[in-house]
Amino acid sequence: MPSRIPLPAFCCFLLPWAFTSFHKALGNPAPHPGPHYLLPPIHEVIHSRRGATATLPCVLGTSPPSYKVRWSKVEPGELRETLILITNGLHARDYGLLGGRASLRKGHRLDASLIIKNVRLEDEGRYRCELINGIEDESVALTLRLEGVVFPYQPSRGRYQFNYFEAKRACEEQDGRLATYGQLYQAWTEGLDWCNAGWLLEGSVRYPVLTARAPCGGHGRPGIRSYGPRDRSRDRYDAFCFTSALAGQVFFVPGRLTLSEAHAACRRRGAVVAKVGHLYAAWKFSGLDRCDGGWLADGSVRFPITTPRPRCGGLPDPGVRSFGFPRPQQASYGTYCYAEK
């Protein structure tokens with residue numbers, strides 16, 4: 001007669017298998033029985049501004065006998081990571097991605113947190129702190145998110161003139177960089193409504209719609225509309241740029257100036273004609289509010305409105321208004337200047 005397995009022994013055999021299968025069914029791995037050295041971060045998203053100092057936390061709960069900690073940045077839209085630095089707890093080697101602005105906090109012997117000084121626009125993104133101990137590596141991922149503003153941009157030639165690489169360069173020339181999808185989505189939640197499609201950093205082409213209407217993609221639901229995959233070299237659209245807080249100051253010089261006279265007026269004041277990104281940042285972070293149109297460095301004429309009012313742009317919402325690109329010889333406007341502090 002075959003022997004039977006007692007019920008308690010059968011349950012002890014079955015439960016570990018069932019527990020592991022349950023985790024796999026949920027898409028989560030079963031807890032690893034070995035030690036985990038890295039403490040989970042309290043906040044996975046770190047907020048900062050351009051020019052500030054940001055700290056990305058990475059702390060060990062206990063120290064392995066031998067280990068290295070590797071910091072890298074996950075590049076958006078690319079399946080690769082760029083090395084920032086490696087430390088063994090005593091010495092660190094900087095690989096130069098952040099131009100010498102990266103260092104370790106070293107608050108205590110188990111602290112491998114990354115400090116980034118003078119944060120730049122291109123620093124925003126996802127970072128990985130990886131513990132390498134030769135047995136089982138583990139890592140924590142953190143996101144550095146900059147406070148900023150997204151603005152649509154097109155050149156004087158009109159709409160849909162940029163391929164991806166030209167759009168990227170245009171944003172950089174206006175003190176910005178191509179916005180990410182996350183930045184465009186945040187701007188949409190804050191009121192950005194724009195019918196022209198523009199390139200984003202990941203290489204997609206989209207536009208944000210708050211009020212659905214026939215000339216703007218039809219009467220569907222509000223949201224971020226997508227044009228799907230596009231050829232980065234051949235296809236042409238506008239650009240959505242992103243900028244953050246300024247190190248300097250934007251101010252207005254009144255007058256009836258041509259564009260060349262505007263440049264001279266700013267130079268006499270130890271400044272330069274402001275770029276489009278400068279004006280948007282001053283509007284967003286300094287509350288710049290002025291009804292007067294002024295020349296900007298790209299040859300456009302714009303003015304920032306924080307408090308909408310009659311005969312000051314005619315629109316009910318705050319924003320930066322545009323008069324387009326007048327003839328450079330047209331002596332009709334003042335100018336917005338930018339000076340470093």
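For all residues, glycine too, the Cβ spot is worked out from N, Cα and C.
Here's what TrEMBL has on this protein:
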type     : residues      : note
SIGNAL   : 1-27          : signal peptide
DOMAIN   : 35-143        : domain 'Ig-like'
DOMAIN   : 149-243       : domain 'Link'
DISULFID : Cys195-Cys216 : disulfide bond
DOMAIN   : 246-339       : domain 'Link'
DISULFID : Cys291-Cys312 : disulfide bond
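A 10 Å cutoff on Cβ-Cβ distances gives Cys195 (disulfide bond) a total of 14 other Cβ atoms nearby, all chains included. Here the Cα atom of Cys291 (disulfide bond) is found 25 Å from that of Cys195 (disulfide bond). Each residue contributes its Cα atom, and for Cys195 (disulfide bond) and Cys312 (disulfide bond) those atoms are 23 Å apart. On its own chain, Cys216 (disulfide bond) has Cys195, Tyr207, Val209 as residues at least 6 apart in sequence with a Cβ closer than 8 Å to its own Cβ.
Its own atom aside, the Cβ of Cys291 (disulfide bond) has 12 Cβ atoms within 10 angstroms in the protein chains shown. Per-class residue totals from DSSP over the domain 'Link' (149-243), listed helix then strand then coil: 22 helix, 28 strand, 45 coil. For the domain 'Ig-like' (35-143), DSSP puts the residue distribution at 3 helix, 48 strand, 58 coil. Secondary structure of the domain 'Link' (246-339), assigned with DSSP and counted as helix (H, G, I), strand (E, B) and coil, comes to 21 helix, 30 strand, 43 coil.
Summarising model confidence by region, the domain 'Link' (246-339) averages a pLDDT of 96.
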